[in-house]
Amino acid sequence: MMAALYPSTDLSGASSSSLPSSPSSSSPNEVMALKDVREVKEENTLNEKLFLLACDKGDYYMVKKILEENSSGDLNINCVDVLGRNAVTITIENENLDILQLLLDYGCQSADALLVAIDSEVVGAVDILLNHRPKRSSRPTIVKLMERIQNPEYSTTMDVAPVILAAHRNNYEILTMLLKQDVSLPKPHAVGCECTLCSAKNKKDSLRHSRFRLDIYRCLASPALIMLTEEDPILRAFELSADLKELSLVEVEFRNDYEELARQCKMFAKDLLAQARNSRELEVILNHTSSDEPLDKRGLLEERMNLSRLKLAIKYNQKEFVSQSNCQQFLNTVWFGQMSGYRRKPTCKKIMTVLTVGIFWPVLSLCYLIAPKSQFGRIIHTPFMKFIIHGASYFTFLLLLNLYSLVYNEDKKNTMGPALERIDYLLILWIIGMIWSDIKRLWYEGLEDFLEESRNQLSFVMNSLYLATFALKVVAHNKFHDFADRKDWDAFHPTLVAEGLFAFANVLSYLRLFFMYTTSSILGPLQISMGQMLQDFGKFLGMFLLVLFSFTIGLTQLYDKGYTSKEQKDCVGIFCEQQSNDTFHSFIGTCFALFWYIFSLAHVAIFVTRFSYGEELQSFVGAVIVGTYNVVVVIVLTKLLVAMLHKSFQLIANHEDKEWKFARAKLWLSYFDDKCTLPPPFNIIPSPKTICYMISSLSKWICSHTSKGKVKRQNSLKEWRNLKQKRDENYQKVMCCLVHRYLTSMRQKMQSTDQATVENLNELRQDLSKFRNEIRDLLGFRTSKYAMFYPRN
């Protein structure tokens, strides 16, 4: 068989005559017959092959000559090659636009022509296809063709709509052309939507339904499409990234794709903000309020800086946007305010400034309380000064906690209901002030946003414990007036419970200082890493508790045989110097033993000690269980925990600058508004500013019911609408500038990274071929049609 295919030589280069003629030398087991099992298309004629070859080589005059000679219609101008490409597709891939126009004029058709042009990003071909007017009215227009392609039942080589494909390629020019054709895009339904349409699509083909949703979101996440179709591209990028993050948690099969699209939206918002060139543009962008957000009318009339867009970025967890250099520089300017010279001072002067403000913070608070609108009051109102004053107030609270333990009266140790001391009342004032501050934040931020901050959660728990502590002290003082030794008290006596809650609240009070580390570039990343590690430890507990519960059940059933000691013991199990199996007589005791065994605080003997010399099997089973527990928990799970914590720390370390700047921005924003200017306990004193606001609001409400008041209110609303409209117009102007700069920078980046690729070489080859054919035509040379198959060497 091989000799018949290659009569001169075989595969090894030997002559065919040298092959043995014995039939046994060509056994059927030594060869494998190959056969094309795919659908065999009708082979093209010689003219059709010539036609496709001329289109491939870019020979305009040869293509035109073949089409002109096809008056009888013998040539099928829609023929395809072995790859399934027709003349239009080949011409688009080679970027021969003049031949493409010629083919369209002669009626060549291709359902995939527009998709091929978009996929190849040949802008000229897309323009020709969209603007081409066919001679025959029976042919479908481009709009109808796009509608056919968008139909799920229509099958093409690339099963995707043109606008979706253009968005996937992120080609701004092609998308501009397509959007002029009044195209539409199906709106993706929410994940888990149970409407009739989604249920039918999911039931018919769940894979196609999921892939279609992914293609739609790839289109919506295209920066080019966002810039073209959205008036507020930054807000749209925020919303899309949040939706894509939610989809990645539901559509776990396509998690990587959705997470990559979410990162793309975040980077687009960041790159768009990076195009701002001055502080005025940054102020317009970061203070813009969308129509869906609540508006601060008083702040708008007073031209107050609300940083609504920045707060929205933090809400959507846009770390790239917030940590962008322009945004951080603007935040620094707002943070220091009228104390901008503080950053340029020497370190010693910085320390002296902080210590001076920290020592005299009560005097400064009283000055602001009396004259908040004075020059001195405006300086105190700056976020940096508020941070120092609030910090000094909190350190004073911690100092009172230390004094509380130092001045504890030993004479009242056995008093079941001791009275409150002066220092107790001071602590209560501070606690009421901190609670009032949390209530104001809860009122303005809402419950959901308030609980998202771990700092607010810790503050809520801490204040609740302090409230419960002093409430129990009051109850104990009113109910108990006797003296008795503490060992004779009830285990849940109000005084004992109050002392326990107070001790735990003190621990949380000092741990709250961790959040002040966020302002430091050295301690801040460590504090963020610790928070991430605690989250990972919570995930680890889900696995550890299951293992602990499993071994606890086994050991309790093994040793809980109702054995009780006749002697009264002061200790049980691992708490005794001589540990024995009596610790496993209860579920809690077994949990204690297994838990402390991890830290080598429980001896292995308690797992294998026998109640009698005949219970060797029980001892052996106990040894096997503790050995298995030692392997699973002590060796495997603890090492897994170490690996998880190391991974969390490394993840934060790799993005240390971004994570720290984002956390610092969240802390700074809590001091930017004027809701909590004074620290505890001065914030519980009604200030003149608050009284003036209340009187002003009451007078406006009364005047609004009069004729003059209604006119004044309408004028105020009209002024407010004009200011809002003016701000929106300024925002659109700035956004147009940012979009234009973004496109320019992307074009320059593509040009700077443009190198000699296969496409560039192919384009050069086509240009040389066109030039050669034009020279031949000008000189009068005519190439034979069949000479194209056999060119001269």
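Quick reminder: no glycine exception, Cβ is built from N, Cα and C everywhere.
Taken from Swiss-Prot as is:
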type     : residues                       : note
TOPO_DOM : 1-345                          : topological domain 'Cytoplasmic'
REGION   : 1-30                           : region 'Disordered'
REPEAT   : 46-75                          : repeat 'ANK 1'
REPEAT   : 83-109                         : repeat 'ANK 2'
REPEAT   : 111-156                        : repeat 'ANK 3'
REPEAT   : 158-180                        : repeat 'ANK 4'
BINDING  : HIS189, CYS193, CYS195, CYS198 : Zn(2+) binding site
INTRAMEM : 346-379                        : intramembrane segment
TOPO_DOM : 380-386                        : topological domain 'Cytoplasmic'
TRANSMEM : 387-404                        : transmembrane segment
TOPO_DOM : 405-422                        : topological domain 'Extracellular'
TRANSMEM : 423-439                        : transmembrane segment
TOPO_DOM : 440-455                        : topological domain 'Cytoplasmic'
TRANSMEM : 456-475                        : transmembrane segment
TOPO_DOM : 476-496                        : topological domain 'Extracellular'
TRANSMEM : 497-517                        : transmembrane segment
TOPO_DOM : 518-536                        : topological domain 'Cytoplasmic'
TRANSMEM : 537-558                        : transmembrane segment
TOPO_DOM : 559-623                        : topological domain 'Extracellular'
TRANSMEM : 624-644                        : transmembrane segment
TOPO_DOM : 645-793                        : topological domain 'Cytoplasmic'
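Apart from the site residues HIS189, CYS193, CYS195, CYS198, the chain places the Cβ of ALA190, GLU194, LEU197, SER199 no farther than 8 Å from the centroid of the site's Cβ atoms, the recorded Zn(2+) location.
Of all Cβ atoms in the shown protein chains, 17 besides its own fall within 10 Å of the Cβ of CYS198 (Zn(2+) binding site). Listed in sequence order, HIS189 are the same-chain residues six or more apart from CYS195 (Zn(2+) binding site) with CB atoms under 8 A from its CB. For the binding-site residues shown (HIS189, CYS193), fewest C-beta neighbours within 10 angstroms: CYS193.
Same-chain residues lying 6+ beyond the ends of the transmembrane segment (423-439) with a Cβ under 8 Å from its Cβ atoms: 393, 396-397, 400-401, 403-404, 407, 450, 456, 459-460, 463, 466-467, 470, 473, 676, 679-684. The helix, strand and coil residue counts that DSSP assigns across the repeat 'ANK 2' (83-109) are 16 helix, 1 strand, 10 coil. Contact between the transmembrane segment (387-404) and the transmembrane segment (624-644) is not supported: fewer than 3 Cβ pairs lie under 8 Å, counting only residues 6 or more apart in sequence. Non-local neighbours of the transmembrane segment (624-644) in the same chain are 536-537, 539-540, 543-544, 547-548, 551, 554-555, 558, 594, 597-598, 604, 607-608; each lies 6+ residues outside the stretch with a CB under 8 Å from one of its CB atoms. The DSSP breakdown of the topological domain 'Cytoplasmic' (518-536), given as helix, strand and coil counts, is 16 helix, 0 strand, 3 coil. Remote same-chain residues near the topological domain 'Cytoplasmic' (380-386) are listed as 334-339, 342, 357, 364-365, 367-368, 372, 668, 671-672, 674, 677 (criterion: CB distance under 8 Å, separation of at least six residues from the stretch ends). In the three-state DSSP assignment, the secondary structure recorded for CYS198 (Zn(2+) binding site) is helix. Residues 337-339, 385, 388-389, 391-393, 395-396, 677-679, 682, 685, 687-689 of the same chain lie 6+ residues outside the intramembrane segment (346-379) yet bring a C-beta within less than 8 angstroms of a C-beta in it. Mapped onto three states, the DSSP output places HIS189 (Zn(2+) binding site) in coil.
Remote same-chain partners of the topological domain 'Cytoplasmic' (440-455), defined as residues 6 or more beyond its termini with a Cβ less than 8 Å from a stretch Cβ, comprise 315, 512, 515, 531, 666-667, 670, 673, 675-676.
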